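Chemist: First the structure, which I've put down as structure tokens, then a few questions once you've had a look.
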Amino acid sequence: MNQLKTLLRKNFTLHFRTKQFWFNLYIPILSAIISILVAYKDNVTCYFLLLFICLNNNGVLRQSLVLIVREKSDQFKLLQQQMGLSSNAYYASWIITFFVLTICVSLIYLIPFIVFRLNKVGYGYLRIEMLILGQILYCCAIASLALFLSSFSKNYNKASELIGLLNVILTFVVISNFAPYPKLTFLGQLPTLFIPQTAFQMLLLSSNWLTNNDQMFLNPGIYIICLIFQIIGYTLGFMYFDQVLSGSKKLFFLCNYCKQNTQIYTDFEDELNQSPNNQDVEPYQLYRPMLNIQDQQVENQGQPFIQVENMWKKIDNQYILKSLNMEIYQNEIYCLLGPNGAGKSTLMNVLSGLSDRSKGKINILGQSIDNKQFKNQIGICLQKDILYPELNVYEHLKFYGQLRGILDQELQQQINQILEICLLTNESNIYSYQLSGGNKRKLCLAISLIGNSKIVFLDEPSSGMDALTRQQIWDVIKQMRLNRAIIMTTHHMEEADELATRVGILMNGQIVTQGTPDFIKLNFGVGYHLQMDFQDQNQLLLEKPRIQVQLQKIDSYTSVIQCAPTSLKSVLPVNKIHLFHELLNYLEQNSQSKFSLQLNSLEDSYLAIDYQYGTQNIDLDVQRVFQQRPKIDFKAQLIGLIQRKLLVLLSSSDKQMRYVFPLPLIYLAVILGMQHSFLFVFFYLGIKALTSTLYVMIQIEDKDTKIKQYMYASGVQIHTYWLSNVLTDIIPSFIESLFTTILLLIYDVGHFGQHFFAVFFLITIFGVSMSCFANWVSILYKNKQGVYVNSPLLQFFVFFLLFFIIMLFIIQPQSPIGVNMIAMLLMIISPFAACYMGFAMSPILLNLAIFSYFSCILYLIIGGTIYFLILYSIDKNEYKQIQANMDDTDAVIDVQELTKKQGELETVHKLSFQIKSKEIFGLLGPNGAGKSTTFNMISKFDQPTTGQVRIRDIKTNLGLVPQFCPFYPTLTIYQHLIIYGTLKGQENLQEAIEKYLKALDMYEIKNRQVKFLSGGERRKVQLGIALIGGSNRLFMDEPTTGLDPKSRRIIQQILLQSTINNDASVLLTTHSLQEAQSICNKIGIMVNGYMITQGTLNELRAQLGEQARFSVKCNEGRKEQVHQTICLQLSQQFQLQPIFEYRDNYLSYQIPSGYFKLSNLFQYLQVELKQKQLLITDFSIYQPNLESIFAFYASQQIIGVNQNLFINNGDQFNFWNTLRTITAFFCVLW
């Protein structure tokens, strides 16, 4: 019962905080107004009441259907089930929600219906109690039908559109009892058994409403029984098929309801023995372990929390996971590492119960995973942020806590503690959609902690967080570890090195080795890394040959490489450590570089494993094919955009079905038109209104996923974009008009068959005009959910029905010229009105030139042209070109006094910087500092409040890698690169694509659809789209997020090559300080919207003073002794200053420059502490790196910066809630 209350509270909150819910109230209000208008006109038009009394709750039905399907498609339901959600509570909550909301909205229609005595129109009289009873039963029945249909839907927009259309179509089924003449037949009454609209309408008619002919109807009690039967049947069907189609139950599970589940997962070897001739089973020897290295033996830690034996996972006839064996114990953090696509997320989903294994055994907390007894004991933080945009941070935690049955007092304590741990106290009342990417991850992590979970699954928990926040999250995870087992994945090797008790490296679906980070580094160590940073490239080139000579003295195979524009790097072998002193002494006396020496990291060991056992289909000779300038050509862009839309349509069965779906309905309209041609026209135009989203579905997807903005920013012209959409829509309009006209001719409907070509041309022009009109209507809504839910209803009720009724009332043969001009204006505004008159449905008006056939064609063309120009004008104003006059500067990108205000909060304050040719500018800052906002303004995704951005050759040379993915899920990698390469005028397009795909090891998967790519693979495709065509103004917002170390280094190398070979200028925002330090010429650090500092790495170091640092890793239990020893022996010589160290068993110190010789310090740490006293295991000596510089400035970030946002949003929320409450009150009262 507690879960049911929690779910009901959540469901109603989601509804009431959605603007569409309040907007949908216009449907019952408008239906009531139209009902009043038509009820007393005559005894024929009053029959329209049968239509409106059924459709008044259409809007709320669609909105509710969107929310329930969204919970399934976006994995809300699955996550909640894994955290203890009861199926009974889930189904009961949604059934009650649908019933209550549908009934309440219908009351808005019933009140004026009763007040204006519409129950007495026509020839009969309808008792009010029968009306109310019937309305309640009908609302429950239609809600049950909507729930039933939701079981078969995965796309909430498609489901919403389907129920809206069916609701209208099924409303007209009752006509079968009256056409061609009134009669009582079995076939006519049969729909009352399973169609709520028909049963309700027949109930009203049989109760002496509108007609007094009792012989045409059965007893009203029979129709009441039919409605009750539908409520029960559809509700049970919803519960049954939702479980079966989701895979949680078998098809005939009810037959075994009282039996225990007997499903057994056997070992894979047993299956091979049982079915030796089964060709589907792949030989075990093909998947033998890839390494000969033994896994590190784990000391006996008792019963494992998770035990996996010979587990396999098969997807689409391919084994993703192969013969996995692992054990994870209490108080352990087990970290999975591996390249993109290795199967890490799949393994996490299987272990957490979100996905089923194919073969093998898995025990969770000592029980088989099939028992599902562990749900209340696990917490999950998935790679995707699964958050309700309608709930704030506190409400999310409260909801999941109540879902787990935690008592209020204890829950409040847990929430306060978790908010403090996850640093979300100041954001507790901020809605999830308003949070930054890093804070969203914090919230997901906080949700996984609710209920004191014993096992926690973290899929890249610190993804998208800045370095300081990541360290804070590490502290959180360390605290979580006590009495828990934590399984996590990450691409940050330093994160795994710091947090993991053990590491498992997964490649090609197998764990190739596992052990502690030290075990991995010991077995795959590559030596010490010596990095030398110079003031400029000239100094680097001068000293490089001399340094190479010194390195040869250590080992003839030791080389030096340029790892950054002003940096050299070399790897020194461990077995030559006794020679390091001489090298360091030489650098101190003869080099002007600042150098550091560090032992190999876990990332180096991982790369060594990947190099030996991973895929090596790499070709870095890619930049050569991008050495050109983009060519923007109208014809090429138009062809590319048309090709794009056709490929999207042909690759998506869902979109194809949307185009095909109206055809059988049009056939039904033609059949009805055999009785009267008016019925065909009315039904046809109604169908076109309710299916109008097929004209906008790709454009809405472009807008919602920001593909349109991305295209505009990349050089696509606005008029070319809209023209390509209109031209493409001619094809389906042509097919539909041919189909409709042939049917009209075959069935000899009215006068249409005699004017075949005229009707064909009218429908074709109507379709093209509808394309522009529907796109204009779609811009009235901010998101695609609003378009799919409300746009068809707005077009049906307002631009079709309302305009239709107005035309009937005002147009007469003797109407004055003013009235006729109004009619002409209506036909220009509404293509439905023009098409209706074009069908010559009022022959008496044909003598008037204003209503002639060709006049109506002209109105459709004029209206379509006006809407096209409106679309063009709106986009042109929204996406203004950035000023490109650069005569007064040699910079390629010039940002001047850029300011952005969001409400009263200034998120970016007078930001200024320049980027020159062959320069990579790294923009750093903590979460919420304003980096992404700045990126969006510079990239034309957003407009600044004040200031300007100047970019040289902006119309042709821009290449973008935003945080969002500008992809169509059903298109392949290759198709995306072909489309964008065509738009940018890439020469030798096929060769360029093949070179790039080989460079990123993606050539073998070039024909894979984007929806099946991992997050890292998508980033690679994005970078290819940015580079293709030779773009050399590159704006990249965290381009390597989600990439494995090897891919990250390849992309960094490509960017460096682009600056050298293609004169590229790069703006790079990143949370990877190592990445910024490696490839950026200049670095800017933002804090609270201000550019606190900018310059080269050496210039930033100078701001902190000349100093050096060293870190040591202590042997277990010797940390205090090491600290005392170092302080005793070094503090007097070097003016030693301890600095904060967040890593366990590590100590770090700072020494002012000039007080020591680095070579002597190296000798002391290596010989005295490591070899003689055995106090430390390894050490690092380095100049102040970017991490320490960033930490110094980022600490100034004001934690309370979001309080203004909270206050403003709180006021705005209260205002709108008050306004909505008053509006709803007056609607009900009226």
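Cβ atoms here come from the backbone N, Cα and C positions, even for glycine.
Keep in mind it's a predicted model, so treat the numbers as computed, not measured.
Quick paste of what TrEMBL says about this protein:
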| type | residues | note |
| --- | --- | --- |
| DOMAIN | 306-533 | domain 'ABC transporter' |
| DOMAIN | 893-1113 | domain 'ABC transporter' |
| TRANSMEM | 21-41 | transmembrane segment |
| TRANSMEM | 47-69 | transmembrane segment |
| TRANSMEM | 90-111 | transmembrane segment |
| TRANSMEM | 131-150 | transmembrane segment |
| TRANSMEM | 162-181 | transmembrane segment |
| TRANSMEM | 221-241 | transmembrane segment |
| TRANSMEM | 665-687 | transmembrane segment |
| TRANSMEM | 730-749 | transmembrane segment |
| TRANSMEM | 756-781 | transmembrane segment |
| TRANSMEM | 793-811 | transmembrane segment |
| TRANSMEM | 823-844 | transmembrane segment |
| TRANSMEM | 850-872 | transmembrane segment |
Chemist: Who are the chain neighbours of the transmembrane segment (756-781) in space, where the CB to CB distance is under 8 Å and they lie at least 6 residues beyond its ends?
Modeler: 688, 692-693, 695-696, 699-700, 722, 725-726, 729-730, 732-734, 736-738, 740-741, 744-745, 787, 790-791, 794-795, 799, 830-831, 834-835, 838-839, 853, 856-857, 860-861, 863-865, 867-868, 870-871, 874
Chemist: Any chance you could find the range in 90-111, 665-687, 850-872 with the most Cβ pairs under 8 Å to the transmembrane segment (131-150)?
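Modeler: Answer is 90-111, with the largest number of Cβ pairs below 8 Å.
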Chemist: Check the transmembrane segment (730-749) against each of 21-41, 47-69, 90-111, 665-687, 823-844 and return whichever range has the most CB pairs under 8 Å.
Modeler: 665-687
Chemist: Using Cβ atoms only, state whether the transmembrane segment (793-811) and the transmembrane segment (21-41) have three or more pairs under 8 Å that are 6 or more apart in sequence.
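Modeler: These two segments touch.
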Chemist: Mind checking which residues of the chain, 6+ beyond the ends of the transmembrane segment (665-687), have their Cβ under 8 Å from one of its Cβ atoms?
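Modeler: That would be 165, 168-169, 172, 175, 179-180, 736, 739-740, 743-744, 747-752, 796, 800, 804, 832, 835-836, 839, 841.
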Chemist: Short question: which residues 6 or more past the ends of the transmembrane segment (221-241) have a Cβ under 8 Å from it?
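Modeler: Contacts of the transmembrane segment (221-241) (Cβ under 8 Å, skipping residues fewer than 6 from its ends): 91, 95, 133-134, 137-138, 140-141, 144-145, 147-148, 150-152, 192-194, 196, 199-200, 202-203, 206, 254.
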Chemist: Sort out the residues at least 6 away from either end of the transmembrane segment (850-872), same chain, that have Cβ-Cβ distances under 8 Å to it, and list them.
Modeler: 718-719, 722, 726, 758, 761-762, 765-766, 768-769, 771-773, 775-776, 779, 811, 820, 823-824, 827-831, 834-835, 837-838, 840, 842
